[in-house]
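> Pasting the relevant annotations from Swiss-Prot:
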DOMAIN    200-288  domain 'RCK C-terminal 1'
DOMAIN    292-373  domain 'RCK C-terminal 2'
TRANSMEM  8-28  transmembrane segment
TRANSMEM  32-52  transmembrane segment
TRANSMEM  66-86  transmembrane segment
TRANSMEM  94-114  transmembrane segment
TRANSMEM  158-178  transmembrane segment
TRANSMEM  383-403  transmembrane segment
TRANSMEM  406-426  transmembrane segment
TRANSMEM  447-467  transmembrane segment
TRANSMEM  475-495  transmembrane segment
TRANSMEM  540-560  transmembrane segment
Amino acid sequence: MNINVADLLNGNYILLLFVVLALGLCLGKLRLGSVQLGNSIGVLVVSLLLGQQHFSINTDALNLGFMLFIFCVGVEAGPNFFSIFFRDGKNYLMLALVMVGSALLIALGLGKLFGWDIGLTVGMLAGSMTSTPVLVGAGDTLRHSGIASTQLSSALDNLSLGYALTYLIGLVSLIVGARYLPKLQHQDLQTSAQQIARERGLDTDANRKVYLPVIRAYRVGPELVAWTDGKNLRELGIYRQTGCYIERIRRNGILANPDGDAVLQMGDEIALVGYPDAHARLDPSFRNGKEVFDRDLLDMRIVTEEIVVKNHNAVGRRLAQLKLTDHGCFLNRVIRSQIEMPIDDNVVLNKGDVLQVSGDARRVKTIADRIGFISIHSQVTDLLAFCAFFIIGLMIGMITFQFSNFSFGIGNAAGLLFAGIMLGFLRANHPTFGYIPQGALNMVKEFGLMVFMAGVGLSAGSGISNGLGAVGGQMLIAGLVVSLVPVVICFLFGAYVLRMNRALLFGAMMGARTCAPAMEIISDTARSNIPALGYAGTYAIANVLLTLAGTLIVIIWPGLG
């Protein structure tokens, strides 16, 4: 039996789509030196090559892909978006505005200088900024702009062409810039990180190992009684000295949970909870042959839970004010916008932050009720909320504003982004509403993006050869300028206007570019995860601004002449 592969793919859009995705994902795993191509560029390259052979898919698949992607971007940004917008994230908001605004203005200027159309200009902006939200926002606005079908087809083709030609330029140049810009500016990020660590009491070890606390029990003998000298537990300050916490006392056969006024007596059996190194710091009078192995005394259920910060008595407060250790709980991690933060007593908690806490199950539950709620460890997505807010986003996107003879619509991209932000925000405030496991959210977002990239590549592939020959050199120059000049402007603004700590500033700059690989370079240079504070501060707002930038550039382009 002979199978004509070309006819088979042309006759089955679904098969063609998944062939493009599979081949593109394989290509995306390749590395050029230390830089991995990535899934987006892999799928785009394969789809462009197949598009040259006149393969195509239904545009409905492309539209659904971008809708899923942009909605999930909003859901991820939602928990922290409003706290960054309205509170102490003013500096981060301003940095993101400077980064996105300067890139937008430079792209507009270069587009007019080289005589490009709107498609090439926006594609170059999206690729140079390695920002798919720009591409998605612009593509949706173009489709609803009312321009002639031939112009629309050309603009959409050039959109993906500009993105494909400048994406690697933007990615590689930013990674190189992240490595060498601190040196060119004579900035010692390691010293800056250590400086802010001393000021705030941060843990500067980016690779800090996390252990579960362990339970050990000891019998109080004459040496320990002499060591306590009649002081109560509060006066002894065992936790302050060692990091261990007395969880239980058995006295005369009765188990009890002690308070700070308890005084140790001869014959007491005490259960201490702490990390392994904390037990090693105990005074020798605890350990000298007096360890007790008793099921009832040691029978505590130590759990590790992820607590989502929600309640007003925790939001806006410093981490130290929670006094977790006073309640027998141990903090392992602080996570904001999926970025692990340094454990810093002076970190101000935002709504939606996640604290990974270990301790006795009862105590952890008490802490969770006080500051928020325990993240649901369910693998079931609230599909009803997902679909309802998706519908709301589409309806918002249908709104059109009319000014005299000029009209413009909000568009699906902005509508879905707003609806996603609201769903994410409500999820951070109501533990049983709108739950989407992070793995499921990542999968839907990535799948939507890959479908969108496959669609734009297949539709633009037939004209890539002519386009490359006509604008290839110009694209190289423009890509480098748009990728690096806004970073330099952002650095100057943050350093000399906002006067930010350099380690935080460089992290915030990478967050404003939404570039995780460059963030890793900055953390390695600083030998600290302190820059993650800055990255998390700008990342969520930058994703939103970049989507709006793609919409805005299409709206204002006709008025520039």
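Note: Cβ is positioned from N, Cα and C throughout, glycine not excepted.
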> Who are the long-range neighbours of the transmembrane segment (158-178) in its own chain, taking Cβ under 8 Å and residues 6 or more past its ends?
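Here the qualifying positions are 32, 35, 37-38, 40-41, 44-45, 48, 116-117, 119-130, 135, 138-139, 142, 456-457, 459-460, 463-464, 467-468, 471-472, 475-476, 478-480, 482-484, 487, 506, 510, 513, 515, 517-519, 521-522, 525.
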> At a C-beta cut-off of under 8 Å, are there same-chain residues at least 6 beyond the transmembrane segment (8-28) that contact it? List them, or none.
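Contacts of the transmembrane segment (8-28) (Cβ under 8 Å, skipping residues fewer than 6 from its ends): 36-47, 50, 55, 57-58, 61, 450-451, 453-454, 457-458.
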> What parts of the chain pack near the transmembrane segment (94-114), using Cβ distances under 8 Å and only residues at least 6 beyond its ends?
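Same-chain residues near the transmembrane segment (94-114) but 6 or more away: 120-122, 124-125, 128-129, 471, 474, 478, 481-482, 485-487, 489-490, 493-494, 498, 505, 508-509, 511-513, 538, 541-542, 545-546, 549, 552-553, 556-557, 560.
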> Other than its close neighbours in sequence, what residues sit by the transmembrane segment (475-495), given a CB gap under 8 Å and a spacing of at least six beyond its ends?
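The answer is 91, 94-95, 98-100, 102-103, 106-107, 110, 114, 124-125, 127-129, 162, 165-166, 169-170, 173-174, 177, 181, 185, 502, 505-506, 508-509, 512-513.
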